[in-house]
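Trainee: Let me begin by handing over the structure; questions about it come next.
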Amino acid sequence: MGLSRIAFTNLRNISSLKLDTSARLLLFHGNNGSGKSSLLEGVYLLGRGASFRTKELDYAVSHLSDEMVCFGEAVNEDAGKSFRIGVSRQKTGKLTRVRINGESARTLSELAAALPILIVTPDTFGFINGGPGERRRFVDWGVFHVEHQFKVVWQNWRKLLLQRNKLLKSGNISRSELSAWDNQYVAYSDEISRYRDAYFAELKEILIESLKESSEQTRDIGDKLTITLSNGWYQNDVNHMDQLASSVESDVKKGFTTLGPHRADIKVKVGGVHAKEVLSRGQQKTLITHLYLSQLEILRRRTNQRPIVLIDDVGAELDTGNQVTLLTRMLEKGAQVFVTVLDKQQSEYLFGHFNQEYDTQMFHVEQGAVTKVHN
C-alpha cells in the first residue's frame, strides 16, 4: 500500500499543495513551524479521519478559511488497484466528510481499514513511562488490522460500557437491570480479551526474536525481557460477573465502570524490574522501536498489507545510527515512509544512504510551501 499523490487545501499553514508521493521514502526538512508536521497531519487524516496533533479538528483548518480538504490517491501494488480518499472539515457546523472512491464512508473504521497508517512521534517514545491509554491503542491498532471482527466486538462492548456508566451515574439502579447489562458486558469484554491476548502472544514472540537477532545489546534485553498484558480485571481466574458485582458500590460512588478492557495495560520488565528503572533512555527507545517493527511484521505476515508509516521529527529521539536502523527495517517490511527532519544535512545524509536501494524523494518545507530537492 502506498500513496501516489496528495493534495491539501487550507490545512493549517498549507494553503494549497499538490505532491507526487509515489516514492518509498519521503524526507521533508525545514524549520520549526514550516509546515512539516502539518503535512504528516494531512496524510494521517486520510487514514484516520482525525488528527494526531489535536482532538478538535477545527484547529487543523487554516484560520483564513472555513473549510479544509485533504485528498489522496493510494495504490495497492499487490492487487494492482488504486483508490481515492477525500477528507474535508467545515468549521461551520463542525462537519467532517469522508469519501472513498467518491462514496461517503459510513464510519472512520472504513477509512482505517482502507489505508493503514502507523505514526511515530517524539511522544511515542514515552510508551514505557506514559499512561496505559497509549499502550492499549497500540495493541488495538494491531488487532483491528488483522482481525476483521474485532471492530464490531469493540463497538458493541463500547456501547455497553457507556450504557452501564450512564446507569451508574443516574443513582437509580435496579440490580436486576444492572445484572442484565453486566452479562452482555462481560461476554463482549472477554471476547475483546481473547482477541488481544492472541495478538499480544504473537507480538511478544516476534519482539523477542527481533531483539535477539539485532545486536549484542538488544540480545541481552531480549533474554531478560518479560512483557505482559493485563486484561483490566482484578484477577483473570476469578469469575468476571462476580468481580463486577463486588465492585458495584465503588462504581456507583465513582460514576463509572472500574473493571474491563478499558483498564487493560502492558507491563514491561527487564530482569524482573520495571523497564523504566533499569533501561537507559536510549535502550528504552531501542525497545520501543522494536515493538513497532514487530507490529509491522505481524501486519505483513497476516494480511500482506504494507502500511504507511509517518515519523515526525525523527532526530528528536533517535541518533543517526538508530534512525538508519529504524528506516531500514521499516522499508524492508514494505512500508512507505514519510519522515520529517529539522536539519537539512541530516535529510541529505538519509537521502544519500537510502536512495541507491529505495526510491527516495527529498523536499524542503518553508511557510507551508513544499519544494522537491531530489527526485
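Placed from the backbone N, Cα and C atoms, the Cβ positions cover glycine too.
Note that this is a predicted model, so its numbers are computed, not measured.
Taken from Swiss-Prot, the feature ATP binding site covers G30, N31, N32, G33, S34, G35, K36, S37, and the record attributes it to sequence analysis.
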Trainee: Which secondary structure state does DSSP assign to S37 (ATP binding site), in the simple three-class scheme?
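Mentor: SS state of S37 (ATP binding site) = helix.
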Trainee: Look up N32 (ATP binding site) in the DSSP assignment and reduce it to helix, strand or coil.
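Mentor: SS state of N32 (ATP binding site) = coil.
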Trainee: Would you count the other CB atoms within 10 A of the CB of S34 (ATP binding site), including those on all shown protein chains?
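Mentor: S34 (ATP binding site) is surrounded by 21 other Cβ atoms within 10 Å.
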Trainee: Just counting, how many other CB atoms are there within 10 A of the CB of N32 (ATP binding site)?
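Mentor: If we count other Cβ atoms within 10 Å of N32 (ATP binding site), we arrive at 8.
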Trainee: Out of N31, S37, which of the binding-site residues has the smallest number of neighbouring Cβ atoms within 10 Å?
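Mentor: Sparsest of the binding-site residues N31, S37 by Cβ contacts within 10 Å: N31.
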Trainee: Are there any residues in the same chain, six or more apart in sequence, whose C-beta is under 8 angstroms from the C-beta of G30 (ATP binding site), and if so which?
Mentor: K36, L342, H364, V365, E366
Trainee: Indicate the candidate from G33, G35 with the smallest number of other Cβ atoms within 10 Å of its Cβ, considering only these binding-site residues.
Mentor: G33
